[in-house]
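K.L.:
A single structure is presented below for examination.
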Amino acid sequence: MPEQVQHGEDEVETFAFQAEIAQLMSLIINTFYSNKEIFLRELISNASDALDKIRYESLTDPSKLDTGKDLKIDIVPNPRDPTLTLLDTGIGMTKADLVNNLGTIAKSGTKAFMEALQAGADISMIGQFGVGFYSAYLVAEKVVVITKHNDDEQYAWESSAGGSFTVRTDHGEPIGRGTKVILYLKEDQTEYLEERRVKEVVKKHSQFIGYPITLYVEKEREKEVSDDEAEEEKVEKEEEESKDEEKPKIEDVGSDEEEEEGEKSKKKKTKKIKEKYIDQEELNKTKPIWTRNPDDITQEEYGEFYKSLTNDWEDHLAVKHFSVEGQLEFRALLFIPRRAPFDLFENKKKKNNIKLYVRRVFIMDSCDELIPEYLNFIRGVVDSEDLPLNISREMLQQSKILKVIRKNIVKKCLELFTELAEDKENYKKFYEAFSKNLKLGIHEDSTNRKRLSELLRYHTSQSGDEMTSLSEYVSRMKESQKSIYYITGESKEQVANSAFVERVRKRGFEVVYMTEPIDEYCVQQLKEFDGKTLVSVTKEGLELPEDEEEKKNMEESKAKFETLCKLMKEILDKKVEKVTISNRLVSSPCCIVTSTYGWTANMERIMKAQALRDNSTMGYMMAKKHLEINPDHPIVETLRQKADANKNDKAVKDLVVLLFETALLSSGFSLEDPQTHSNRIYRMIKLGLGIDEDEVIAEESSIAPPDEIPPLEGDEDTSRMEEVD
């Protein structure tokens with residue numbers, strides 16, 4: 001043996017690392033790997049790659065496995081040295097492989113890596129160990145690699161990262177085939193010798209590697225032995241001598257009567273000695289569920305996997321398990337939770353929704369590029385065969401492969417939603433939790449807008465307590481109806497009682513009630529559905545199908561009320577853009593509508609509530625208001641008569657302002673000066689109750705009001721005011 005060692009030393013060759021090593025080490029520590037534990041992930045994934053290669057070669061030449069049929073990875077911590085050893089039965093490396101892959105940095109440097117990637121190279125072949133191998137130096141001060149390839153002798157590579165490495169023929173214990181990586185740990189990194197820590201890291205990063213990962217731990221146990229066995233143990237181990245003194249006690253017990261022989265033999269075996277043994281435990285017994293055939297997986301298995309993945313205490317609502325093959329290969333397992341998390345739209349919170357694996361190796365658990373924001377509630381796993389293992393976030397953003405994966409995931413999510421929609425009960429639960437996400441998708445995702453719009457559900461004027469889809473709405477449309485009518489507001493009750501829907505409902509047309517703030521953003525992008533335009537009943541230009549008689553009546557009303565419309569515009573001045581005759585009112589005297597492209601009253605309310613709103617936008621988006629009056633309403637008709645009799649009548653002016661302000665409120669707008677409006681109403685109440693205004697003024701004359709209350713113009717003519725009422 002000494003000769004062999006001497007012979008081995010004669011064979012030692014020293015090589016210099018290329019200059020890039022310092023830069024690469026810095027790159028690994030600062031860019032790719034902020035946490036040291038991933039060194040284990042990298043070494044395990046390298047071992048897995050080596051096993052993949054020998055398995056692939058054995059498909060065409062089974063004799064390749066003659067040097068070892070078991071394809072496995074072993075982890076052996078040794079606290080005495082202290083070393084952590086990883087052993088695989090993979091393809092191994094020749095001497096040339098060792099020198100090239102673990103010394104010629106350029107091959108696995110980032111620059112060469114990315115250039116080769118862009119040139120279409122096979123990712124798994126870029127460097128036998130690639131960048132990840134050097135992450136071993138995060139925890140080790142020295143690394144020894146012993147390797148045996150079927151086509152070469154057994155070699156040992158060694159380096160303390162001091163600018164050089166050595167390669168020699170290894171005459172130590174033969175490993176058959178494969179690679180053994182021995183890490184001589186730094187003093188402050190001995191935590192990786194602990195059974196608990198190794199298990200934790202393997203479970204986190206390499207739980208779904210396709211080969212068994214076995215942890216070998218030396219443990220002590222108490223063994224019960226008979227007297228004779230104890231003697232043998234004593235001879236074998238000198239440290240057992242101290243226990244000889246206990247033997248007479250056992251023999252004394254043995255001097256009992258014959259009927260107690262059974263007990264005697266039991267007590268003989270109560271002698272306990274400590275023995276050391278190697279405990280083996282497979283750490284990745286849970287095979288990747290997503291790599292299995294979906295037909296072979298039960299709902300219970302999906303449920304267990306979902307809970308282990310998400311820590312959710314409830315079962316998932318729906319699952320989609322699929323694989324994509326062809327130019328690009330990946331598998332995915334996607335889950336819809338039963339309920340939305342309370343912080344679903346909290347942008348600054350790091351989301352751990354979809355875990356990204358590359359060839360069963362965990363890469364990251366918060367990959368924003370993998371799924372659009374509106375699908376941020378989807379949980380699951382994506383396992384790619386094509387992405388490089390050491391991919392950084394910067395590279396992910398540029399990756400064309402990831403863009404294709406993302407497109408497929410979105411497509412499959414929409415398929416899952418459509419399938420779920422067939423089960424009304426479950427879809428109702430889904431919609432209650434995630435309707436905002438679908439509407440956000442309509443706002444953001446123009447490509448899938450049509451498919452998303454088919455998933456929307458709303459209450460309508462004809463749906464009662466149930467919600468209905470836009471497809472069902474279209475199927476119920478009248479022959480003469482060309483548009484889908486909708487109204488936005490705060491609640492179902494508010495919009496159902498709105499003045500805007502009066503005429504539309506009376507004519508038998510269905511109105512969609514949109515009561516979530518995000519609906520306003522949604523309909524800005526959703527201009528049509530199934531060839532039918534979406535028309536807001538609160539905006540100008542509402543056209544309802546009319547027959548000839550209705551058109552004639554409308555023209556007559558316009559001519560009849562033209563003078564009143566002009567007068568009201570003069571009185572209200574810049575408060576409104578125009579005053580017109582309405583075709584949408586039945587029982588209300590008037591309403592305020594907005595221009596086609598401006599904000600609705602509901603949108604204006606939402607924007608005013610934004611703490612960080614842009615006031616410059618508010619100026620032009622708070623659309624010009626149009627006052628529409630109902631020619632069939634007695635208030636409007638009486639007002640027209642008064643205006644025709646005397647257009648300078650102060651009571652007319654005051655009533656016009658009061659009507660306008662009341663219409664603002666009923667149409668969903670807020671008043672700029674609610675106090676003035678309130679004072680007008682109080683005065684009307686006093687007039688209705690017959691309270692003399694002069695008496696009230698006399699009583700209150702001693703108290704100086706903070707502001708002068710605008711007088712109710714023409715209030716001296718009480719009888720005329722009452723007549724209008």
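Quick reminder: no glycine exception, Cβ is built from N, Cα and C everywhere.
Not measured: the values here are computed from a predicted model.
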K.L.:
Please find, within the list 59-87, 465-493, 697-725, the residue stretch that Swiss-Prot describes as region 'Disordered'.
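P.N.:
In Swiss-Prot, the region 'Disordered' feature sits at 697-725.
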K.L.:
If you count, for each of the recorded positions Asn46, Ser226, the other Cβ atoms lying within 10 Å of its Cβ, which residue has the minimum?
P.N.:
Ser226
K.L.:
Of the binding-site residues listed here (Asn46, Asp88, Phe133), which is spatially closest to Ser226 (phosphoserine) when Cα positions are compared?
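P.N.:
So, spelling it out, the nearest of the binding-site residues is Asp88.
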K.L.:
To what whole number does the mean pLDDT across the motif 'TPR repeat-binding' (721-725) round?
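P.N.:
Computed over the motif 'TPR repeat-binding' (721-725), the mean pLDDT is 42 on the 0 to 100 scale.
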K.L.:
Starting from each candidate's C-beta and looking 10 angstroms out, tell me which of the binding-site residues Asp88, Phe133 has the most other C-beta atoms.
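P.N.:
Buried the deepest by this measure is Asp88.
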